[in-house]
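Report on the structure given below.
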């Protein structure tokens with residue numbers, strides 16, 4: 001009708017497809033508040049999600065972008081997601097998740113089937129000789145002895161880690177991939193979806209005709225018609241042999257999982273900011289296989305696994321040129337930790353790391369952070385203030401023990417209190433109760449405090465002489481400390497005199513010798529009677545034994561002079 005406004009032929013609900021990237025993983029509604037947590041394990045216990053603005057029966061592809069749980073509930077969506085992970089060489093994650101789903105459906109009474117399926121899952125995904133190993137942290141490692149008593153929920157923690165990894169890492173890239181955009185376009189145009197795996201990832205409609213070439217012309221090496229390439233290709237667009245595919249899947253998967261699949265612990269407290277860098281590793285690998293995605297991100301560096309004091313973990317990018325202190329500053333600030341009160345250790349090592357060295361030494365390493373409680377201690381008898389650092393689990397008496405032993409005191413001879421207060425503090429309290437405070441240590445009347453013999457920086461701070469404290473706070477070297485010797489040896493040795501040393505060398509070179517009697521001359525050297533030969537007289541002074549006996553004072557005199565000089 002001329003007077004009737006025209007209506008665009010867009011069915012109700014199509015406009016919701018134009019959403020931003022941030023809206024793909026966030027939903028609204030009272031029922032969808034728990035979807036983004038990634039704590040669901042089984043597809044049968046996944047939440048139903050929020051009420052969709054469009055019917056999911058008519059538009060299943062659009063509903064995949066609502067949440068990762070909705071994608072797993074759709075068999076077709078799960079198949080396309082599996083095909084997407086194959087291109088990223090991480091299909092073993094979803095395969096392991098589906099195997100755990102089937103394993104949980106086995107009745108607990110069927111012990112024979114449980115034992116058989118548990119061994120199959122363990123040997124394929126979890127053992128050290130697994131063909132398709134999944135990347136889980138050490139806390140979730142399982143030994144082969146657990147197979148003796150199989151339970152339907154024995155792989156619950158491992159499945160949760162892989163679920164969180166796929167949700168926060170792979171799913172975010174899937175909803176932005178050309179494969180998903182192609183499915184959305186086909187659904188909007190009313191075309192049927194092709195079977196997953198029938199065409200190359202991100203290819204256009206399979207009905208597109210092959211471009212005609214002039215006689216004698218051919219496509220460049222590695223360029224074939226889109227939609228007709230095999231699922232896995234080698235260099236030049238040729239399909240890989242099965243043996244090579246298995247080798248590629250073993251080596252490439254192991255390398256990519258170490259760098260891009262950082263499922264760290266069961267609490268799933270991953271820093272998504274770092275995982276954004278990790279994803280560029282697989283992006284660049286897809287570019288080398290002929291992917292049609294956009295510009296690749298800059299080449300990422302290696303990563304360091306950081307275990308925080310609260311038991312969670314995070315990934316830190318070990319960028320060249322940054323110190324360990326700079327690398328950990330962002331993580332500590334985000335978690336509300338004070339970096340000066342943090343000690344950094346390699347996992348399995350009790351020696352603290354120096355934070356001023358380059359962070360590339362921690363590439364592909366695991367470190368743990370331990371928090372330290374610091375407070376100031378004022379020694380009124382010595383008129384000194386020291387800074388004490390101790391573990392949060394230690395008590396005040398344990399933290400003060402090095403200071404007390406250093407000055408020859410016992411806990412019964414001192415009183416600890418806050419400035420301006422007379423009420424003494426209980427030495428059995430934890431040091432966390434006096435964090436960042438200043439305390440006063442007084443001695444009882446009649447108790448004399450002795451000055452410490454050892455004035456090293458470590459002991460003056462009240463910390464025990466441990467290797468990690470020496471490595472973290474190296475004592476400053478002063479010129480006097482380079483030549484300073486213990487007080488017990490000062491009376492026995494003297495500083496070497498340069499002029500005396502030069503004179504000594506000159507006398508040795510001139511074949512002279514000294515002892516306590518002065519200069520030894522040739523006329524003064526007389527052999528004792530038991531060394532003289534019976535047939536020789538006084539002329540035996542010039543015999544070789546004379547030279548030998550004369551040479552003895554040289555060595556002895558030289559040694560004695562050197563000892564006295566040193």
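Each Cβ is built from the backbone N, Cα and C atoms, and glycine gets one as well.
As annotated by Swiss-Prot, compositional bias 'Polar residues' applies to 39-51, 537-550, 557-566. Per Swiss-Prot, the feature domain 'RGS' maps to 67-184. What Swiss-Prot lists as domain 'RBD 1' is 302-373, and the listing cites sequence analysis. The domain 'RBD 2' feature in Swiss-Prot is assigned to 375-445. Per Swiss-Prot, the feature domain 'GoLoco' maps to 498-521; the stated evidence is sequence analysis. Positions annotated as phosphoserine by Swiss-Prot: 20, 42, 45, 199, 203, 218, 288. The region 'Disordered' feature in Swiss-Prot is assigned to 19-58, 192-243, 451-490, 530-566. Annotation comment: Swiss-Prot describes 299-425 as region 'Necessary for interaction with RABGEF1', evidence class similarity to another entry.
Taken together, the residues in the domain 'GoLoco' (498-521) have a mean pLDDT of 63 on the 0 to 100 scale. Taking H, G and I as helix, E and B as strand and the rest as coil, DSSP gives the domain 'RBD 2' (375-445) the counts 18 helix, 24 strand, 29 coil.
The domain 'RGS' (67-184): residue composition by secondary structure is 83 helix, 0 strand, 35 coil, according to DSSP. Helix first, then strand, then coil: DSSP counts for the domain 'RBD 1' (302-373) stand at 19 helix, 27 strand, 26 coil.
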